[in-house]
Amino acid sequence: MFRQCAKRYASSLPPNALKPAFGPPDKVAAQKFKESLMATEKHAKDTSNMWVKISVWVALPAIALTAVNTYFVEKEHAEHREHLKHVPDSEWPRDYEFMNIRSKPFFWGDGDKTLFWNPVVNRHIEHDD
């Protein structure tokens, strides 16, 4: 039915409208494309395997060594913080005028501690003058 309508109105169509859009298939070009596709797939697989090996043999040991180093550094920090807990206020350096200025109390807690106050690290030092 379509062909009948197309032939009837063929005079109003452009001259190439009823011809096939593509010529006959090129078997050699198709084979080259298939080989290129297979080579790309093999390259992708090899590259993926290479990055897996790099991740396992380079990245994981580097992370492990960094973790060991971090453990010892943080262990020293913990010992230092434990020591600072027992230091009396009189041995701490004096606060400067610009430190711990409160123009009005904070609306949380006791009004004197900042939002990110950490009682292990932060402390108010009271000196007798």
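In case you wondered, yes, glycine gets a Cβ from its N, Cα and C as well.
Feature list (source: Swiss-Prot):
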TOPO_DOM  10-43  topological domain 'Mitochondrial matrix'
TOPO_DOM  72-129  topological domain 'Mitochondrial intermembrane'
TRANSIT   1-9  transit peptide
TRANSMEM  44-71  transmembrane segment
Helix, strand and coil residues within the topological domain 'Mitochondrial matrix' (10-43) as assigned by DSSP:
20 helix, 0 strand, 14 coil
Overall pLDDT of the topological domain 'Mitochondrial matrix' (10-43), taken as the mean:
88
